[in-house]
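Asks: Dropping a structure here in structure tokens format, bear with me for questions.
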């Protein structure tokens with residue numbers, strides 16, 4: 001697999017790279033739809049979500065995995081959303097149609113890159129979509145874990161413990177990586193404490 005650092009750009013190639021960077025830069029301005037639908041103020045962007053996922057891929061221990069590949073998967077897995085937007089379950093778009101739109105978007109995005117990078121980024125996206133490797137399965141759990149961590153943070157910021165329970169419900173039973181299970185357990189314990197404390201406070 002070619003390394004991203006191996007590519008060189010000049011002339012027309014540099015213009016295409018600039019176009020690619022502007023395109024993926026739109027992810028900074030694509031809000032995560034689930035938060036929008038729940039009326040979260042100043043919801044995070046898709047880029048925000050993928051950044052913390054990439055950090056999680058770096059720091060959550062698993063010597064059996066290719067961690068460099070995990071980071072790359074985290075950075076690419078939602079890249080198509082710079083064109084198609086963040087399609088949420090509440091949008092009621094069939095999974096096959098969502099995949100078709102994102103596949104077309106990834107082909108459009110990667111067309112701006114040299115052949116080796118085009119192949120690498122598209123194959124990373126496809127690997128995540130098909131969950132065809134241990135690394136892809138790990139990153140999928142990071143995706144879910146990052147989401148509920150963000151939900152907890154929004155509850156804290158709003159001083160409304162438990163308001164985003166449906167995000168937790170949607171991930172029930174989906175974690176099996178030992179380190180992620182431990183992290184989720186700690187998060188849920190903290191959150192349960194906050195919910196209990198809020199329930200015991202006298203209401204004015």
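For all residues, glycine too, the Cβ spot is worked out from N, Cα and C.
Pasting the feature list from Swiss-Prot:
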MOD_RES   2  N-acetylalanine
MOD_RES   3  phosphoserine
MOD_RES   5  phosphoserine
DOMAIN    46-148  domain 'HD'
BINDING   49, 77, 78, 143  divalent metal cation 1 binding site
BINDING   81, 86, 87  divalent metal cation 2 binding site
MOD_RES   204  phosphoserine
Asks: Please give me the binding-site residues out of 49, 77, 78 that lie within 10 Å of residue 86 (divalent metal cation 2 binding site), comparing Cα atoms only.
Replies: 78
Asks: Enumerate the residues of the same chain, 81, 86, 87 excluded, that satisfy the criterion Cβ within 8 A of the mean position of the Cβ atoms of the recorded divalent metal cation 2 site; list them in sequence order.
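Replies: Going along the sequence, the neighbours appear as 30, 33, 46, 78, 80, 84, 85, 88.
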Asks: Pick out which of the binding-site residues 81, 86 has the most other Cβ atoms within 10 Å of its own Cβ.
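Replies: By the 10 Å Cβ neighbour count, 81 comes out on top.
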Asks: How far is it from residue 81 (divalent metal cation 2 binding site) to residue 49 (divalent metal cation 1 binding site), counting Cα to Cα, in Å?
Replies: 12
Asks: In the same chain, which residues outside the set 49, 77, 78, 143 have their CB within 8 A of the centroid of the CB atoms that define the divalent metal cation 1 site?
Replies: 46, 50, 53, 74, 146
Asks: I'd like to know the mean pLDDT over the domain 'HD' (46-148).
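Replies: Here the predicted model's pLDDT, averaged over the domain 'HD' (46-148), is 97.
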Asks: Mind giving me a neighbour count for residue 143 (divalent metal cation 1 binding site)? Other Cβ atoms within 10 Å of its Cβ, every protein chain shown.
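Replies: Excluding its own Cβ, residue 143 (divalent metal cation 1 binding site) sees 20 Cβ atoms within 10 Å.
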Asks: May I ask for the distance between residue 77 (divalent metal cation 1 binding site) and residue 87 (divalent metal cation 2 binding site), taken between their Cα atoms and rounded to an integer number of Å?
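Replies: So the Cα of residue 87 (divalent metal cation 2 binding site) lies 13 Å away from that of residue 77 (divalent metal cation 1 binding site).
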Asks: By a 10 A CB contact count over all chains shown, which of the binding-site residues listed here is most packed: 78, 87?
Replies: 78
Asks: In whole Å, note down how far the CA of residue 87 (divalent metal cation 2 binding site) lies from the CA of residue 49 (divalent metal cation 1 binding site).
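Replies: Taking the Cα atoms only, residue 49 (divalent metal cation 1 binding site) lies 14 Å from residue 87 (divalent metal cation 2 binding site).
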Asks: Count the residues of the domain 'HD' (46-148) that DSSP assigns to helix (H, G, I), to strand (E, B) and to coil, and report the three numbers in that order.
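Replies: Its residues fall into 78 helix, 0 strand, 25 coil.
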Asks: So how many other Cβ atoms are close to residue 49 (divalent metal cation 1 binding site), meaning within 10 Å of its Cβ?
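Replies: Excluding its own Cβ, residue 49 (divalent metal cation 1 binding site) sees 23 Cβ atoms within 10 Å.
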